[in-house]
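Asks: Structure below; questions to follow.
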Amino acid sequence: MSTPARVLVLNSGSSSVKYQLLDMNGGERLATGLVERIGESTSRIAHSPSHGARREHTERIDDHSAALRAAAAELARDGLGLDSPELVAIGHRVVHGGLRFTEPTLIDDKVIAEIERLVPVAPLHNPANLLGIRQARELRPDLPQVAVFDTAFHTTMPEYAARYAIDRATADEHRVRRYGFHGTSHAYVSRKAAELLGRPYEDTNVIVLHLGNGASASAVAGGRCVDTSMGLTPLEGLVMGTRSGDIDPAVVFHLARVAGMEVDAIDELLNKKSGLVGLCGDNDMREIRRRIDEGDDEARLAFDIYTHRLRKYIGAYLAVLGRVDAVVFTAGVGENAAEVREAAVAGLDGLGLAVDPSRNAVRGGGPRLVSPDGARVAVAVIPTDEELEIAQQTFALAGAGESGSEGAHESRREGGRESGRQSAVEGHA
Ligand SMILES: Nc1ncnc2c1ncn2[C@@H]1O[C@H](COP(=O)(O)OP(=O)(O)O)[C@@H](O)[C@H]1O
Ligand SMILES: CC(=O)OP(=O)(O)O
Ligand SMILES: [Mg+2]
């Protein structure tokens with residue numbers, strides 16, 4: 001038996017923290033948890049140790065630092081405290097890495113300053129990521145801490161996909177361009193898609209639809225991202241839980257000039273009061289489906305707008321890629337909402353895309369095809385696992401120390417990814 005080497009992963013969202021503790025040598029997920037409704041009077045903490053019963057309670061959690069302390073307390077109750085010598089590294093999902101970070105990066109004061117500099121382009125996410133990082137460094141200053149960036153996977157986009165058609169000098173001075181997000185998920189899922197199809201990753205073209213609370217699409221050609229729907233910030237593209245996705249940018253001027261709204265109010269409108277919640281008052285697809293079944297027209301229209309946007313992006317990325325081997329649905333909505341998958345490809349038979357109703361209706365389970373046999377383009381559901389991917393990248397880099405990213409990639413492939421994959425797939429929060 002090899003010595004346990006634990007990695008803690010923190011995935012901080014705007015109002016939640018998902019965490020996981022993994023043993024990278026044994027390949028076991030030791031505990032998973034979620035702290036949600038951070039900043040509200042009753043935050044919820046749900047914690048699932050792999051050897052023990054799930055626990056849940058509510059308590060007031062003011063910010064992401066307090067969330068990490070609460071997670072640490074839960075882990076300590078299971079004998080998995082952060083003070084353990086078996087904990088070898090902490091990995092952080094960081095949403096915006098700009099152009100500076102194209103690889104997992106060991107965190108030091110300079111890296112923190114750079115993440116801070118990018119706060120204006122990820123105002124909902126980077127501040128939360130920073131609070132988690134600072135608290136983790138306070139709890140374990142001796143440990144390597146690694147930032148894994150949502151933007152990293154998208155840095156391979158060709159310039160004609162990444163550059164907006166606006167004045168060059170202005171764009172360059174203010175670094176205005178398409179960065180793309182959810183990259184850890186797009187990378188993981190596109191690789192898994194190639195495995196599912198039994199094809200070499202380098203020769204597989206995939207459209208990934210990551211549909212969680214935030215949602216984004218990507219076109220991946222032979223393992224390289226060639227286009228993605230999110231832009232300078234995670235606001236562009238698909239309709240999301242609370243974000244508008246694509247709109248005419250002149251809507252902003254119109255609201256400022258005609259409705260007299262301040263820029264911060266418009267920002268809040270488009271990021272927090274739009275998307276599904278703006279259209280029908282609910283951002284949870286389960287609730288929207290329930291309302292549709294009761295004949296609710298507002299919910300129906302919200303669903304139709306959401307799936308119409310998906311269809312447009314599938315069509316666009318079929319054209320971008322030319323040949324597509326699979327369209328893959330992932331994250332909370334993509335993995336669970338069969339009706340969304342069905343509606344997203346409805347009428348696209350002529351393009352080789354369809355779902356098989358009985359396959360599509362199957363709930364749960366691992367990677368699976370939902371298209372009929374012999375379909376020109378496979379349609380698949382592949383559960384994402386950002387935390388596992390972050391743990392493996394963190395472990396590889398922490399193990400490789402200061403020796404540079406080449407070495408980190410070698411050991412990532414050998415030590416990290418393969419060992420963690422098999423048994424670490426259970427008990428995903
Ligand atoms: N069984 C389900 N059926 C339909 N939608 C679901 C189901 N479970 C979760 N969802 C959707 O998934 C969303 C959360 O997705 P998730 O990937 O966890 O988001 P995030 O990581 O952005 O918080 C929920 O808001 C809900 O809309
Ligand atoms: C970048 C982004 O939108 O992340 P999330 O889906 O976690 O909000
Ligand atoms: Mg997510």
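Every residue gets a Cβ built from N, Cα and C, even glycine.
TrEMBL lists Asn11, Glu386 with the feature Mg(2+) binding site. According to TrEMBL, the active site, proton donor/acceptor annotation covers Asp150. Per TrEMBL, site 'Transition state stabilizer' is recorded for His182, Arg243. The region 'Disordered' annotation in TrEMBL covers 398-429. The compositional bias 'Basic and acidic residues' annotation in TrEMBL covers 407-420.
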Asks: For Glu386 (Mg(2+) binding site), which DSSP three-state class applies?
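Replies: The residue in question, Glu386 (Mg(2+) binding site), is helix (DSSP, three-state).
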Asks: Give the three-state DSSP assignment (helix, strand or coil) for His182 (site 'Transition state stabilizer').
Replies: coil
Asks: If you count other CB atoms within 10 A of each CB, which of Asp150, His182, Arg243 wins among these recorded positions?
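Replies: Its Cβ has the most other Cβ atoms within 10 Å: His182.
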Asks: Near Asn11 (Mg(2+) binding site), which residues of its own chain have a C-beta under 8 A away, given they sit six or more steps off in sequence?
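Replies: When sequence neighbours closer than 6 are ignored, Asn11 (Mg(2+) binding site) has Val17, Lys18, Tyr19, Arg93, Glu386, Glu387, Ile390 within Cβ distance under 8 Å.
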Asks: Express the distance between the Cα positions of His182 (site 'Transition state stabilizer') and Asp150 (active site, proton donor/acceptor) as a whole number of Å.
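Replies: Between the alpha carbons of His182 (site 'Transition state stabilizer') and Asp150 (active site, proton donor/acceptor) there are 5 Å.
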Asks: Calculate the distance in Å between the alpha carbons (Cα) of Asp150 (active site, proton donor/acceptor) and Arg243 (site 'Transition state stabilizer'), and round it to a whole number.
Replies: 18
Asks: What number of additional C-beta atoms lies within 10 angstroms of the C-beta atom of Glu386 (Mg(2+) binding site)?
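Replies: Result for Glu386 (Mg(2+) binding site): 25 other Cβ atoms within 10 Å.
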